[in-house]
Amino acid sequence: MPVITLPDGSKREFAHSVSTLDVAADIGPGLAKACIAGRVNGELKDACDLIETDSDLSIITAKDEEGVEILRHSCAHLLGHAIKQLFPETKMAIGPVIDNGFYYDIDLDHKLTQEDIDALEKRMAELAKTNYAVDKRVVSWQEARDTFESRGEVYKMAILDENIPKDSTPALYHHEEYIDMCRGPHVPNMKFCQNFKLMSVAGAYWRGNSDNKMLQRVYGTAWADKKALKVHLNRLEEAAKRDHRKIGKQLDLYHMQEEAPGMVFWHNDGWSLFLELEKFIRQKLGQYTYQEVKGPLMMDRVLWERSGHWDKYSEAMFTTSSENREYAVKPMNCPGHVQIFNQGLKSYRDLPLRMAEFGCCHRNEPSGSLHGLMRVRGFTQDDAHIFCTEEQVQQEVSACIKMVYDTYETFGFNSIVVKLSTRPEKRIGDDEMWDRAEEALKQALKANDIEFEILPGEGAFYGPKIEFTLHDCLDRAWQCGTVQLDYALPGRLGATYVAEDNSRQTPVMIHRAILGSLERFLGILIEEYAGKFPAWLSPVQVVVMNITDKQSDYVDEVVNLFKEHGIRATKDLRNEKIGFKIREHTLRRVPYLLVVGDQEMENKEVAVRTREGVDLGKMQIEEFATKLKNQISLRSLNLLED
């Protein structure tokens with residue numbers, strides 16, 4: 001006679017074993033109709049699974065985030081069902097849930113086309129509309145293997161052979177004639193899987209190993225209702241318009257090419273953005289009292305062995321040799337900064353020592369993972385390392401947090417998710433050290449009134465860390481900033497200071513990054529602003545255009561005056577209609593479009609309009625220059641208003 005305790009504390013007693021669906025029906029027909037699964041004593045279970053003992057139960061519906069994840073997983077099975085109907089020769093591999101959707105990896109000799117994807121989506125819709133029930137059957141390992149062997153499903157057999165113990169009882173989910181294997185849970189009925197769309201197809205190696213066969217990966221998205229699906233598709237459409245690769249080409253900011261995969265060729269305007277971003281961070285470094293240093297691009301293998309990178313990171317490092325010595329191109333700056341710290345005797349009075357570098361780093365990322373500016377092989381880190389005593393950790397971390405928030409706010413990023421990763425199972429140091437380290441990070445976050453989520457066991461082996469994830473205008477998450485405590489590297493590389501009692505002590509090292517990679521952050525900014533950069537950041541801040549040749553000398557005079565004020569100005573003296581010029585520079589997202597005719601020339605004025613088409617009227621040259629300089633100095637996100 002199980003007693004079921006619901007989230008509101010109420011209890012229901014049953015005379016026999018019950019399922020989540022039974023409990024939902026006992027509460028009411030509406031809940032039974034909406035029930036997708038249950039969380040029984042903290043564990044997700046299928047709606048049909050029997051509860052035999054007293055238990056806590058939460059009923060999962062499509063209104064719950066977990067419910068949406070479950071229906072997405074079931075949509076992957078629905079996709080498998082459709083694939084096997086249209087392409088019976090297909091061998092099914094894996095079909096997991098991902099952010100906002102799902103995918104299925106399949107082995108099919110026929111290369112899927114867009115027409116095939118459309119046909120699969122249509123068949124999925126036809127199947128889902130029948131509202132067929134999903135039948136879960138728990139079987140022996142051997143029965144599961146026999147089932148897939150009889151169907152020639154070699155990948156399912158491999159999963160059983162390599163990943164599932166022979167004494168286990170796998171769950172097989174029957175979608176009419178289609179059978180799939182999964183931990184579950186899944187929806188009890190396909191009525192929950194009505195709002196989906198297949199998005200794309202790509203290549204993927206079996207088990208992610210390039211030595212294995214290349215499979216086809218079909219991606220899809222699924223949501224609880226039509227409205228949510230439409231919102232997501234609209235967001236994707238907007239994201240496609242904002243794609244930094246597309247805008248980068250339109251605005252002539254940079255390019256990539258096959259001869260240098262994952263390396264950026266910055267063009268004039270793109271490099272202007274890069275330098276302005278670097279200048280901004282450099283000013284922050286001065287404000288927060290950092291030294292700026294520059295380490296070598298390559299260092300001997302011996303140093304990387306001492307730091308531990310050679311053992312744990314060598315696959316991602318580019319190497320070269322000369323005169324019988326092996327070198328590695330640096331994937332990160334920290335070992336070099338310890339070498340600078342080690343030059344000369346350091347006292348406790350020298351701490352904290354804050355050392356920053358715009359470090360040019362290289363990592364041998366897999367070619368298939370490269371993506372414009374977002375995932376590159378050559379990148380510049382706004383990296384810093386703070387050498388301090390353990391007593392100084394909290395105040396230094398607190399200053400880092402302030403710096404992160406100051407920086408993000410300048411760019412208009414105000415939605416920041418913060419996570420604190422704590423001690424992993426395998427770690428250096430004793431529990432007392434970790435207690436102090438984690439508490440210091442918690443107190444620093446609390447001192448700044450920062451809400452944060454704790455990720456147990458997700459810290460590095462050498463110390464806990466804070467991660468800052470910003471959300472852009474499309475609510476996409478970008479993990480950029482980190483503050484990481486390191487109790488290992490300084491000791492490995494011989495960093496010491498003379499303590500107040502004249503003993504030699506090892507400093508604590510704080511790894512700190514705000515933007516992460518300048519290249520990636522610029523990619524984020526291009527998409528956040530859709531190429532319409534704030535005036536302070538814009539490669540060209542002002543374009544001055546003449547109406548006829550008579551104003552050419554005056555245009556030169558205006559542009560030169562702006563340049564004397566430090567304003568990035570250019571001119572357009574082409575023999576084109578002024579409307580054509582305005583349209584062209586509007587498309588190039590220049591913040592301010594200035595037009596001069598005979599009257600403006602006579603009165604030493606300019607007619608000012610913004611790229612948004614706002615007419616600011618006529619202004620004296622110095623008046624406009626002063627207003628713009630003030631806006632630039634404040635790093636305002638907005639343009640001047642009428």
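Please read every residue number as a count from 1 along the shown chain.
Glycine residues also receive a Cβ, built from the backbone N, Cα and C atoms like all the rest.
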From Cys182, Cys193, Cys334, the one annotated by Swiss-Prot with His385, His511 for Zn(2+): Cys334
Other same-chain residues whose Cβ falls within 8 Å of the Cβ centroid of Cys334, His385, His511, the recorded Zn(2+) site, in sequence order: Met332, Asn333, His337, Asp383, Ala384, Gln484, Asp486, Leu489, Met509, Ile510, Arg512
Three-state secondary structure, which DSSP defines for Cys334 (Zn(2+) binding site): helix
Mean of the pLDDT scores, which run from 0 to 100, over the domain 'TGS' (1-61): 94
Sparsest Cβ surroundings (other CB atoms within 10 Å) among the binding-site residues His385, His511: His511
Neighbourhood of Cys334 (Zn(2+) binding site), C-beta criterion under 8 angstroms, separation at least six: Ser307, Asp383, His385, Asp486, Leu489, Met509, His511
